[in-house]
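These features come from Swiss-Prot:
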type: DNA_BIND; residues: 196-217; note: DNA-binding region
type: DNA_BIND; residues: 244-267; note: DNA-binding region
type: DOMAIN; residues: 179-277; note: domain 'HTH araC/xylS-type'
type: SITE; residues: Glu246; note: site 'Interaction with sigma-70'
Amino acid sequence: MANQLILLKKDFFTDEQQAVTVADRYPQDVFAEHTHEFCELVMVWRGNGLHVLNERPYRITRGDLFYIRAEDKHSYTSVNDLVLQNIIYCPERLKLNVNWQAMIPGFQGAQWHPHWRLGSMGMNQARQVINQLEHESNGRDPLANEMAELLFGQLVMTLKRHRYATDDLPATSRETLLDKLITALANSLECPFALDAFCQQEQCSERVLRQQFRAQTGMTINQYLRQVRICHAQYLLQHSPLMVSEISMQCGFEDSNYFSVVFTRETGMTPSQWRHLSNQSD
């Protein structure tokens with residue numbers, strides 16, 4: 001696309017030898033669709049927003065992790081106190097003898113699964129490494145680039161150790177209630193979610209959990225679940241032949257008329273209009 005915004009290496013890296021650096025987004029503002037001359041890891045710390053990656057929408061919040069390739073198109077909209085960090089790197093500049101393809105999904109043709117989650121323990125460990133990496137990537141001493149690459153290797157191994165699929169928190173995990181709740185919500189796309197039953201199972205206060213969730217994500221639990229379902233509906237409308245009523249059921253709405261009302265309120269167009277517009281742009 002001739003008018004596609006492309007982020008350039010020269011605007012982010014200090015020289016042609018630097019392989020890795022950190023770009024803070026405190027907060028991340030609305031950002032138009034773009035690609036890059038480099039790759040990046042996106043780690044979300046707080047708040048929420050709509051991340052559209054290769055035309056697929058994701059409602060993102062704390063703990064979301066993305067592996068972005070240079071050619072991927074993505075944008076940020078509907079942001080609310082969204083705080084994230086981009087760890088950007090040039091694969092061709094990496095010199096460390098590490099099996100990067102085993103560590104980074106999509107690295108130079110490796111199998112690509114872009115969206116993962118980190119629990120609180122993984123986030124804490126990753127944050128420590130990223131802080132060191134940011135310090136070294138801003139350094140000017142002769143070994144700064146080598147130290148930054150070593151820390152990048154440590155980071156991608158830490159992420160691989162702690163990441164998990166969005167709907168599959170390991171049963172042995174020692175993660176927090178908030179991590180368990182977000183995983184439970186991801187498993188409730190098609191069926192009702194009962195917060196009282198969740199709190200009874202986890203032996204926690206419903207009121208306190210609601211407060212914690214809102215403080216960390218900037219949304220209520222119901223708002224988050226509704227928007228995750230709408231994102232899934234947008235994807236199905238664009239990429240499946242299912243009827244609107246069938247998509248409504250698959251996204252947790254038993255009444256297709258109510259689904260259409262909610263979808264229109266959240267996106268500004270009806271499900272049929274969304275499908276028509278998406279098919280036109282393909």
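Cβ coordinates come from backbone N, Cα and C, glycine included.
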- Item | Cβ neighbours of Glu246 (site 'Interaction with sigma-70') where a neighbour is any other Cβ within 10 Å | 13
- Can you give the mean pLDDT for the DNA-binding region (244-267), rounded to a whole number? 94
- If H, G and I count as helix, E and B as strand, and all else as coil, what does DSSP give for Glu246 (site 'Interaction with sigma-70')? helix
